[in-house]
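The domain 'Aminoacyl-transfer RNA synthetases class-II family profile' annotation in TrEMBL covers A:139-442. What TrEMBL lists as L-aspartate binding site is A:Glu172, A:Arg216, A:Thr368, A:Arg372. What TrEMBL records for A:194-197 is region 'Aspartate'. Here TrEMBL flags A:Arg216, A:Ala217, A:Glu218, A:Arg224, A:His225, A:Leu226, A:Glu365, A:Gly413, A:Leu414, A:Glu415, A:Arg416 as ATP binding site. What TrEMBL lists as Mg(2+) 3 binding site is A:Glu365. Feature annotation from TrEMBL assigns Mg(2+) 2 binding site to A:Glu365, A:Thr368.
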2 protein chains.
Amino acid sequence: MLKDRFIADIISSKYSLLGGRVRVCGWAHRIRDLGRLKFVLVRDRSGVIQATVKRGESPEEALRAAEDLKLESVVCIEGELRRAPTREGVEVKVERLEVLNSPVEPLPLEVEGSEKASLPTRLRYRWLDLRNPMVSAIFELEAMVAKVFRDYYWSQGFVEIFTPKIVAAGTESGAEVFPVVYFDKTAFLAQSPQFYKQFAVIAGLERVFEIGPVFRAEPHHTSRHLNEYHSLDIEVGFIEGYNDVMNYVEGFMRAIARMLEEEGRRILELYKVEPPRIPASGIPRIPLRKAYEILEERFGKKVEHGEDLDSEGERLMGAYASEELDSDFIFIVEYPWKVRPFYTMRKEDEPDWTYSFDLLYRGLEIVTGGQREHRYHRLLDNLNDKGLDAESFQFYLDFFKHGAPPHGGAGMGLERIVMQTLRLENIREARMLPRDTERITP
Amino acid sequence: MLKDRFIADIISSKYSLLGGRVRVCGWAHRIRDLGRLKFVLVRDRSGVIQATVKRGESPEEALRAAEDLKLESVVCIEGELRRAPTREGVEVKVERLEVLNSPVEPLPLEVEGSEKASLPTRLRYRWLDLRNPMVSAIFELEAMVAKVFRDYYWSQGFVEIFTPKIVAAGTESGAEVFPVVYFDKTAFLAQSPQFYKQFAVIAGLERVFEIGPVFRAEPHHTSRHLNEYHSLDIEVGFIEGYNDVMNYVEGFMRAIARMLEEEGRRILELYKVEPPRIPASGIPRIPLRKAYEILEERFGKKVEHGEDLDSEGERLMGAYASEELDSDFIFIVEYPWKVRPFYTMRKEDEPDWTYSFDLLYRGLEIVTGGQREHRYHRLLDNLNDKGLDAESFQFYLDFFKHGAPPHGGAGMGLERIVMQTLRLENIREARMLPRDTERITP
């Protein structure tokens, strides 16, 4: 390797490294030329360090190489680590400077402060935007959330699964799926691993999780929707009810909050945001019918009885949870049957309502889940009741013929969790390369 | 939860649990009816335990419930854990038996011994096939390999990325991609995250990994190919050469071997296979031109100079590595330029050969990788030389205009690693729900 350590590691070990020779590889982040003296800020994924090239101090060869340096040139620098009045308290006295590659065209976007450019420009030149530490931090956090997800569910006895993304039918109806030309067959991109995570539970794996892409052919132009995103999915068998599923979701949210208070702290500080609050008594669970009352009484917002919340309703319930319950999260539970998919289990005593929930995080839905109908004949009834054709779901119904345990699960939006944590304005900021109605490149 | 612990946990704690009451939930795996006495083997993901219902010992209600029991009924059983002459040394004396769900149709495939049924039948009724512990073990191993992959690269400073699967162009040429109807645009399913993992490195993340689905529209009918599989991808910047990439691949293989010798041992024993051998001196790295000689001299197999190895050639080189080098792995390095993709870096002194490698595991290619061309003008030359139209790759070329570091990487087939580890005959066995020219369901 050309590089043996990251800049942040050098800085955090500076007291033992001072006076010794270090090697730094990265990009020329900022260049200040004072004639005989040249300061180069070198940036890598982990941080920035100052390198100083000085006539009379640095060798002739390094001086010449420094002349060729442009912003965003790729460099490796070797030299003594010494004290200096920089933010890091140190700098590298350049003894060797190698330019590995240099821009062949002017930069269409400045890396420093790229977050202030327009979002379309940033996404167009995303490889430059991402070099901005404010931006790369978003994706480091995304990776950390994914890691917390897997570690938490692994610790709870869940098995990771890898389900097909090429499917024969949409999860709900024919709409909002992308067709794929698959040999001589009609196929679609999976909107969710819903059917197949249920499959895995019924097939005896009992507790499963998956992180994978999902595809939604909705022509949305909102700041909260993507046509391709990553879904964090769980499904668990032998539940007593949907509260068991919520407990598993809550456990994950607590694990995220812990991570944010520890390793994630640096990223929160960059964005000047606080870690999420979760009451010691647990995330509040409020029936939708109670939410109707709260919205009307507190905010004067009327929601038709039996209807879903719109985004304003979610936002207001988020405000209520924050102000009244001291919580950044709130579960809304028992959604009406008519707004939930056919595989949802209906309440035994009130079949117009379901054992389902959404989790709002700072007023945005980030999780949806519930108990599923596992009884074959009830599932048929549910399909009928929704006016869906049982035949097109036969491959799915088949799973339920030979002993399906009671089960439930949840799907969580990775990008939305990151977006709400850092209080980003647009979900596209939390997706490295977003796909929407306008974008299939870069 | 209906279930507080897995059967294997009960058995492994049997000495402290003996004489106490336990609760077991799972499927009725085997039922033996001796009139007054009924033995039920209950199976869950982790193991099997005997439950005994006996007239005069078990309550009337449990006796009645046991009458309704069918093979693969979903049950929860409570009772005293006591010594018994079973393989586990214990059984549950049934005090309560609850049937949660029962098959509504006869079983089209017997769970016990399902591995002996034909593969098409097994795949057709995969939810029953998977309940066979021989089969579920494959997917537990797959999850463990994925975990080892992430843990290893995370420990090496790699960041997880989530790249788009909807893309504007194939990684190599227009062939062998599945078209997607994406709003008013022509789009394809990604054959590999190749372009986007390079993007992430160039965009400053430096070292990245991803596990995700890849899609190959090859109308193959072989036991080694799938049209959708999961790829383990890495890409790393600031390499000195392709040996750095091989070192990272080798580190992962060693981590897999360690896992197989420890937690994975049980699964290897089920399949009566040994963990893979890796020489202490490292996985051998043999130039393809040397492999030509070995194949001809040792096996009488002639490969045209400058051609790729076919599957027989790979198999024979695997045999050579096993017999002569005491290794289940062998790197073949320096493939000809004409058989590698345009983004491969050509050897500086021999431009007809490349800084590329394949890793064979027991005679099957499981990894392909190499150093990539990071210099903009060289990339243009490479495209030209391959007769490819630079325009259709412009969005990719753009990444290289503003300072791309030297980098390389590898893509590894998750299912192939599992297949070779357990010496499975068909890669479909290592994919929960394979997609091929005939199958888009279940």
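Backbone N, Cα and C define each Cβ position, glycine as well.
When the binding-site residues A:Arg216, A:Thr368, A:Arg372 are compared by Cα distance to A:Arg416 (ATP binding site), the shortest distance belongs to A:Thr368. In the three-state DSSP classification, A:Arg216 (L-aspartate binding site) falls within coil. Comparing C-alpha positions, A:Leu414 (ATP binding site) sits nearest to A:Thr368 among the binding-site residues A:Arg216, A:Thr368, A:Arg372.
Proximity to A:His225 (ATP binding site), defined by a C-alpha to C-alpha distance within 10 angstroms, is shown by the following binding-site residues from A:Arg216, A:Thr368, A:Arg372: A:Arg216.
Checking the binding-site residues A:Arg216, A:His225, A:Glu365, A:Arg372, A:Leu414, A:Arg416 against chain B with a Cβ-Cβ cut-off under 8 Å leaves A:Leu414, in sequence order. Each of the binding-site residues A:Arg216, A:Arg372, A:Arg416 was ranked by the number of other C-beta atoms within 10 Å, and first place falls to A:Arg372. Ranking the binding-site residues A:Glu218, A:Glu365 by how many other Cβ atoms lie within 10 angstroms of each Cβ puts A:Glu218 at the bottom. For the binding site of ATP, formed by A:Arg216, A:Ala217, A:Glu218, A:Arg224, A:His225, A:Leu226, A:Glu365, A:Gly413, A:Leu414, A:Glu415, A:Arg416 according to the record, the largest Cα to Cα distance is 19 Å, rounded to a whole number. Mean predicted confidence for the region 'Aspartate' (A:194-197): the pLDDT average there is 97. A separation of roughly 16 Å, to the nearest angstrom, links the Cα atoms of A:Arg216 (L-aspartate binding site) and A:Glu365 (ATP binding site). Packing around A:Leu414 (ATP binding site) is summarised by its Cβ count: 21 other Cβ atoms lie within 10 angstroms of its Cβ, all protein chains included.
In the three-state DSSP classification, A:Arg372 (L-aspartate binding site) falls within a strand. In the three-state DSSP scheme, A:Leu414 (ATP binding site) falls into the helix class. Counting every protein chain shown, the Cβ of A:Thr368 (L-aspartate binding site) has 17 other Cβ atoms within 10 Å. Note: the region 'Aspartate' (A:194-197) comprises 4 helix, 0 strand, 0 coil (DSSP; helix = H, G, I, strand = E, B).
Cα spacing between A:Thr368 (L-aspartate binding site) and A:Glu218 (ATP binding site): 18 Å, rounded to the nearest whole number.
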